[in-house]
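Database features (TrEMBL):
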BINDING   HIS269, ASP271, HIS325  Fe cation binding site
COMPBIAS  1-21  compositional bias 'Low complexity'
DOMAIN    251-371  domain 'Fe2OG dioxygenase'
REGION    1-33  region 'Disordered'
REGION    335-358  region 'Disordered'
Amino acid sequence: MEGEGASARSGYPSSPSSAAPHPNPNPFREAEKKYQLHYDQVMAFSKGKLRGKGEFRERPTDLSEVLDFRSAEPPPGAAALETEAVPSAAAARGLYTLDGHPGFYFVSGLLDESAVEDLAGEILSEHIEPPATSNFTREHGTRIRGLWGAARRGLFYRPGAGGGAGGELPAGGQGCWSAADHPAASQTPAQVLLDRLRWVSLGPQYDWTRRVYRDDVPCRGLPRRLKELADALVRDLRGASGRVQASGGYSADAALLNFYGSKDTLGGHKDDAELDLSQPLVSVSLGCDAVFLLGGTTKGVRPTAMLVRSGDVVVLSGRSRSCFHGVPRIFSKTPRRGGVAGGGKRSPSPSPSLRGYLDEHRINVSVRMVGRGAAGGGGGGEEDGGAGVGA
């Protein structure tokens, strides 16, 4: 993501993307199409004759209207805030608000590279484990345990076999994993499953059918590190501006973890399933850069496009809390080698390192306050056609 398209990010618009109504009936979808990954088929000719089927090459993306909060000067429409007034953001590169999006805060580079790798490693080795629910739960129940360790060891998943206790990978590749040199056709490489991981829910579990949060099913609680980060940031922003909360005290108790590959997207949606939408949503980005779209309360409002990089944090509060947002593009840090046959498919590495995983994937952590008995209708996610919920 940092490698591809980097040269196209040197110039930015003289005015921010407007939040005014747009003549197109769905300008949000129009923006999604603009920034999504596209391939063009390049045909090969020799002496005037077609040779072969050609190859697919990545189409350059125009990022001239994408705001970059790590540029030398604040991007157009952005106002820098003093981090001294927000102690929990003191280590950040910068703290910004954005014209036309009241309640939106962008905390640039809050987590450094070491903190990013530490949190990402904790997520992959601990927080994706049962009883946390994921996009694997419906088909596999709690059988998939120790996925990160199994992927790093090049093991294979044995359907129907049990996992190790406590989510740890049993010695010798037993349980649900096999180290067979010639695996059966029914066995899937752990690395392939890791690449198929899309979302994990921490804290009260969301029932996609009934559209309610449930506190009567086993769950993996919100990690202390994520709770402390979100609680402190919301508290300090509230103290500095008085606008980040409309009512009540904020106490984060849930999070959705979203995992993106270089070709994944998250369609425009609202996070509106929580009981009290006056309570902010805190979104942490790890790994690959992405284009983040923030629109209005309908998709008839033209969204603002911005880059979110590893270590950045976005806070949606106030009016922005109820706005459409999405992620139409992920930029892998692993460069592609020239033209790619078959539309740019990339084979997974046999035994990924943490750094290697973050170079090809984005993890987003959207922390929120659900509150006991929360209910609602909405929230984009895997079962709604997106990669998950969150920025």
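Note that Cβ sites are derived from N, Cα and C of the backbone, with glycine treated the same way.
Automatic, uncurated: that is what TrEMBL annotation is.
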Cβ-based isolation winner (fewest other Cβ atoms within 10 Å) among the binding-site residues HIS269, HIS325: HIS269
DSSP-assigned states of the domain 'Fe2OG dioxygenase' (251-371) in counts, ordered helix, strand, coil: 12 helix, 49 strand, 60 coil
Number of other Cβ atoms within 10 Å of the Cβ of ASP271 (Fe cation binding site) across all protein chains: 25
Mean per-residue pLDDT computed across the domain 'Fe2OG dioxygenase' (251-371): 89
